[in-house]
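For reference, Swiss-Prot has these:
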- 179-359: domain 'Integrase catalytic' (DOMAIN)
- 190, 256: Mg(2+) binding site (BINDING)
């Protein structure tokens, strides 16, 4: 066997290893080295004394870590052949160039380079870090720059200019006005999953929710699965309920790119979207169907935020065992959400009161 020492040399190896351990008992990693050495010696003894398979012995003495066994067996055999067991001593893994060993001048030069770089090239931390590693900004900075991205980023964050940029971004965000639509009847639609791990239900349910972007009025309908037919059925109910309860005529519905809303046919050349039964149904009802950009849930932000409120506001103790019971619970929640809960975005009015105030203005 390649990794098992010859039976005739086993006792000689054992004696030399014991002598090596006795000389290095003060070593920081003595216990760890001793454990690996004795595991290898005991494995070799059992291999020659009994009818054991090597893989069974590795499981027994090296806890099924084959790579650890091969690593130590190779080190021990090489040390025995060269008669130099010093290589068995473990060395510290602490890096030689830790962050505080870099000079302040190098740190300042790299920070200066970043703030010039981000203004000229509109680049970020990552692009400059890799450009430094490639030597684009000179061999001197390449050799002196930190090898770790976290260290590089920490330098920049502690610079005063970084704080000014962050404060400027915060001011811009504060000045940014909230996105609002001017018309009633523009709805966002999405599916919410109700799973037993988060809600007191007996199985997984799906709820198609609708929210009016202008008034924040919301309704939803429970189903056992996601499908185009269920999505169309939910829209039928929404058209009827929004008209009969709130007097709202739906003119547009925005959805994500779920398979129940659109069909994507992908190949190596192009992506084409085929009009589905869902889109055709909305067209027949004179309702515009919009879809959000791919991987852009913020485009349907109001319905996404509405779904986050479920975990905070939709609470019940008794376990729900069917879709009808869940729908009844949700109807109570929708009544609270539409008629009782005030919204900061609506000047601390309920969605229904805000709808009435709009009708009075007209």
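Every residue gets a Cβ built from N, Cα and C, even glycine.
A sphere of 10 angstroms centred on the C-beta of residue 190 (Mg(2+) binding site) encloses 23 other C-beta atoms.
The Cβ of residue 256 (Mg(2+) binding site) has 190, 291, 292, 297, 300 as same-chain neighbours under 8 Å, each 6 or more residues away in sequence. The average pLDDT computed for the domain 'Integrase catalytic' (179-359) is 89.
When secondary structure is read from DSSP and collapsed to three states, residue 256 (Mg(2+) binding site) falls in the coil class.
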